[in-house]
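TrEMBL has this to say about the protein:
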type	residues	note
TRANSMEM	161-180	transmembrane segment
TRANSMEM	192-210	transmembrane segment
TRANSMEM	237-256	transmembrane segment
TRANSMEM	277-304	transmembrane segment
TRANSMEM	342-363	transmembrane segment
TRANSMEM	394-411	transmembrane segment
TRANSMEM	431-448	transmembrane segment
TRANSMEM	455-480	transmembrane segment
TRANSMEM	486-519	transmembrane segment
Amino acid sequence: LILSRNHSCISIQLIFIQTNQYHTISPPLSPDIQEEPFSTYFEDKVQVPKAVNQTFSFRKLWAFTGPGFLMSIAYLDPGNIESDLWYLICLNTTHPVFLLQLAARLGVVTGMHLAEVCNRQYPTVPRIILWLMVELAIIGSDMQEVIGCAIALNLLSVGRIPLWGGVLITITDTFVFLFLDKYGLRKLEAFFGFLITVMAISFGYEYVLVKPNQGELLKGMFVPYCADCGPVQLEQAVGIVGAVIMPHNIYLHSALVKSREVDRRNKREVKEANKYFFIESTIALFVSFLINVFVVAVFAQAFYNKTNLDVNLMCNTTGSPHQDLFPPDNSTLEVDIYKGGVVLGCFFGPAALYIWAIGILAAGQSSTMTGTYSGQFVMEGFLNLRWSRFARVLLTRSIAITPTLLVAIFQDVEHLTGMNDFLNVLQSMQLPFALIPILTFTSLTSIMNDFANGLVWKISGGLVILLVCAINMYFVVVYVTSLNSVLLYVLASLLSIAYLCFVGYLAWHCLIALGVSCLDCGSRVRKQPAVLIEEQSEYNS
């Protein structure tokens with residue numbers, strides 16, 4: 001029954017769905033009254049071939065291939081590559097499979113990405129705070145990615161392109177590449193595939209050139225250990241969590257899966273889409289895992305047991321113009337993505353330096369583009385913006401790039417990448433603002449229907465979130481107690497209390513969604529039934 005009248009005070013729509021029909025959170029209206037949600041992306045969705053009574057189809061897998069590889073680029077950004085310099089343990093790359101499967105299921109089943117669901121489910125104030133936290137994570141990630149591109153351009157030009165110039169070049173070409181999907185989404189995905197291939201070839205070349213010990217490589221991969229680790233190494237370990245599982249990546253993946261043509265009213269098609277997206281994401285993460293293995297092995301082999309004096313002498317012997325980066329003393333060699341490329345050039349020839357820089361440039365450029373996409377979806381979903389695409393790209397780029405450009409102007413390239421640890425920890429602190437909502441909404445049958453999380457998924461997701469929150473609380477305590485200023489101590493303590501209170505608020509809603517009904521005393525996360533009863537009130541002046 002549809003009852004409406006133009007310019008009336010009240011317009012009521014009652015839509016009843018047959019109980020034997022599979023339905024979603026937002027059942028479509030009839031074609032003559034249906035209003036499509038505003039979106040500037042995925043106007044032309046990728047068609048999925050029909051195959052009846054076929055358990056697995058490579059043609060279908062190819063049709064679903066794309067979102068997972070765009071998402072996996074986030075695990076190959078310069079910040080993540082620099083984190084790889086710390087340990088020989090690469091298994092962190094496999095952890096996000098579980099979380100990204102939740103994100104994909106949310107997007108496929110509901111037809112909405114995570115930011116859009118948050119907009120519908122959370123009250124206004126928590127929703128705005130959540131948006132600000134995610135934007136903060138995007139800014140931190142963008143700073144790493146853009147600076148990574150600027151460092152790569154500086155290395156390739158032998159210092160002729162200053163850091164701020166590299167930042168401006170990266171901003172410009174990002175705008176150009178972002179509009180590739182106007183020529184077709186598959187062409188954009190092919191371009192990202194090309195960048196991943198460049199990274200694989202570049203870092204794979206370094207791996208073959210350095211020839212690491214394969215036995216030690218496997219030992220470090222499957223036998224986690226950290227000899228003589230202290231607070232500094234633990235802080236870096238917290239940063240690895242933020243570098244590998246970036247919070248805005250969860251939002252991005254839930255949006256990218258909407259690019260495939262899936263009939264959400266057909267339960268079989270939804271189940272099939274979830275299966276193929278899981279396979280594709282697993283393959284994509286495995287590729288990024290191998291590339292990270294290349295980076296870890298190369299730097300472990302090249303830098304282990306070396307001092308600044310060793311590198312200084314080698315760079316002097318080969319005539320490298322960067323030998324002044326390493327003082328002639330016996331202190332342990334410390335590297336970042338800039339110094340790492342220089343050391344490779346000194347020990348293995350100029351080709352190793354330039355190929356390393358090309359790989360970093362591909363990683364930074366692709367990650368910058370996906371970060372921009374994340375910003376678009378997050379802003380569109382949380383704020384329900386109806387701006388033009390160019391206006392939103394300009395706004396989100398300005399928000400994320402401005403602090404990066406300021407840092408690049410007032411810092412030199414030799415001392416810039418040391419902030420990577422802080423930025424990784426910053427992203428780790430924002431993780432609960434993606435993990436808790438995704439577990440909350442995928443556990444609600446009112447949103448997911450038959451695809452809501454089962455007991456195993458709820459327990460696994462709860463343990464992952466608990467682990468992440470415990471790590472973050474540990475870092476907060478360590479960081480606050482290390483401050484020497486009383487004013488900073490008080491300020492950090494207040495911010496930490498506010499942070500923990502908001503995480504507790506989200507966790508309260510999450511526990512209710514997981515079935516802890518005794519806590520349901522005023523929760524405003526909407527648990528309306530899937531049969532939609534929509535009331536809209538319009539008041540004239």
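Positions of Cβ are set from backbone N, Cα and C atoms, glycine also.
TrEMBL labels come from automatic prediction, so no person has curated them.
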Legend entry - Other parts of the chain folded back onto the transmembrane segment (342-363), taken as Cβ under 8 Å at six or more residues beyond its ends: 73, 76-78, 81, 145, 148-149, 151-153, 155-156, 195-196, 198-199, 202-203, 205-206, 209-210, 298, 302-303, 311, 314-315, 318, 320, 322-323, 325, 333, 335
Inset, instruction - May I ask for the residues of the chain that lie six or more residues beyond the transmembrane segment (486-519) and have a Cβ under 8 Å from a Cβ within it? - result: 126, 129-130, 429, 432-433, 436-437, 439-441, 443-444, 458, 462, 465, 469, 473, 476, 479-480, 525
Legend entry - Close approaches to the transmembrane segment (192-210) from elsewhere in its chain (Cβ under 8 angstroms; 6 or more beyond its ends): 69-70, 72-73, 76, 287-288, 290-291, 293-295, 297-298, 301-302, 344, 348, 352, 355-356, 358-359, 362-363, 365-366, 369-370
